[in-house]
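**Q** Pulled these from Swiss-Prot:
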| type | residues | note |
| --- | --- | --- |
| ACT_SITE | Cys50 | active site, nucleophile |
| BINDING | Thr49, Cys50, Asn51, Arg52, Ser107, Glu112, Pro113, Gln114, Gln118 | substrate binding site |
| BINDING | Gly187, Ala188, Gly189, Glu190, Thr191, Val192 | NADP(+) binding site |
| SITE | His97 | site 'Important for activity' |
Amino acid sequence: MKLLVLGVNHETAPVDIREKVSFSPAQVQNALSELKSQGLANESVILSTCNRTEIYTTLKSQSPEKIRAWLHEYFELEEDSINSFLYEYADIEAIKHMMRVSSGLNSLVLGEPQILGQIKEAFHLAHKSDSVHQTLHALFQYIFKTAKQVRTDTAIGSSPVSVAFSAVALSKQFFGKLENQTALLLGAGETVELVARHLKESHIGNLIIANRTLSKAHQLTESLGGYAISLHEIDDHLHEADIVIASTASPTPILKTEMVANALKKRRNKPMFMIDIAVPRDIEPAIGNFSDTYLYTVDDLQEIIEENKRSRKDAALEAEEIVELQAENFMAQYQATQQISPIIQRYRQQAYTLKEHALQDALHHLENGGDPQELLTKLANQLTNKILHTPTTNLHHAGLNGQKEVIQAAEQILLTQQSDASDSSENENTHATS
């Protein structure tokens, strides 16, 4: 077996190259089928996101170059045109890479959790397409376990590193829980949408979205809750807001000092927490001079983000140690399995051969008028004696020669509790016929 990872990502290829080898879900199924039907891979999983395309395969005799050639042919690219952007890992280095990817250590945003879900989707799609068998199934379960350990045992995902997430995190630090707070969001672009989603996940009490184009604000509130207003209506609703987060494309400030002064009077000087993540700014800087306003800018958030990035980098060093250990553990288990598998197959074949001989003998006597009950009893006794003959003879010799380790191993292997044996009988039958 040779495990191979072949791919491109945001570090090795620009977007115009990545999009050339990006698989849609329908293409993934077709590509998996091709890899199998053309004899290029025993097993395969394809991961395709905006930042990476990776092919995970197990090979017997095919060389990685044939997978490269197939990739060029599949996307109708000129021969070797993207080779300089491709990376390749084999065996234990492939395992380490897959563990790093699933743990977010190889992501554009260090430690981001979305990649694990994307890998799980890729695995399930390949499994559904009958492209995953024993080796990749075992490996991916180990990879999922490792990714979970990285997130549990390190702080890789605990510190926000996006502006939207940091804005909400800062709001939670200020208020604690957000269930009783009202948030006013200025704008309806991608950043505001992310802020709104994070606020909803944090159980914000009420949500108001103000935007120049009212229909865009309505689209967000329809999916996320709250209500929409136009920018002209802000003055009528500003006093309701405990939290104001602004991110419009306005060339001049939206919130004026006088507007906030009036809102504070209506609030009876109840504090307002404001974050201006727009450039140019949406909130007049002088508003931060009020004793009851707490105004942060995108630069303040950037300091938090940079500090959190440093924290994640420290956690990444711990995560690398986990990856190294778990990759070695999986490889050791796999190699041990590979050593024992031929022995199991030979033992099963011996038992199957004994069964066939005994069965044919019984059928012959049955056709010649033998008593069925006597023949069944004889068949059962023959199979029992023949199957037990070799192990019991060898065990007897081990006793005569004082081989205590062999005796202990035999006791553990042969004297299985009946409940365990019955529980595993279905698996035994499945393996015997596979």
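Placed from the backbone N, Cα and C atoms, the Cβ positions cover glycine too.
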**Q** Find the longest CA to CA distance in the recorded substrate-binding set Thr49, Cys50, Asn51, Arg52, Ser107, Glu112, Pro113, Gln114, Gln118; express it in Å as a whole number.
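**A** 15 Å is the greatest Cα spacing among the residues binding substrate.
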**Q** What other residues of this chain sit with their CB within 8 A of the center of the CB atoms of Thr49, Cys50, Asn51, Arg52, Ser107, Glu112, Pro113, Gln114, Gln118, the recorded substrate site?
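**A** The answer, listed by sequence position, is Leu108, Ile115.
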**Q** Does anything in the same chain, at least 6 positions from Thr49 (substrate binding site), have a Cβ under 8 Å from its Cβ, and if so what?
**A** Ile115, Gln118
**Q** Looking only at Cβ atoms, how many others are within 10 Å of the one on His97 (site 'Important for activity')?
**A** 22
**Q** Excluding Gly187, Ala188, Gly189, Glu190, Thr191, Val192 themselves, which residues in that chain have a Cβ inside 8 Å of the centre of the Cβ atoms defining the NADP(+) site?
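**A** Not counting the recorded site residues, we get Leu185, Glu193, Leu194, Val195, Ser247, Thr248.
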**Q** What is the interatomic distance between the Cα atoms of Val192 (NADP(+) binding site) and Pro113 (substrate binding site), given in whole Å?
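**A** It is 21 Å, counting Cα to Cα.
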**Q** Please report the number of other Cβ atoms within 10 Å of the Cβ of Gly189 (NADP(+) binding site).
**A** 14
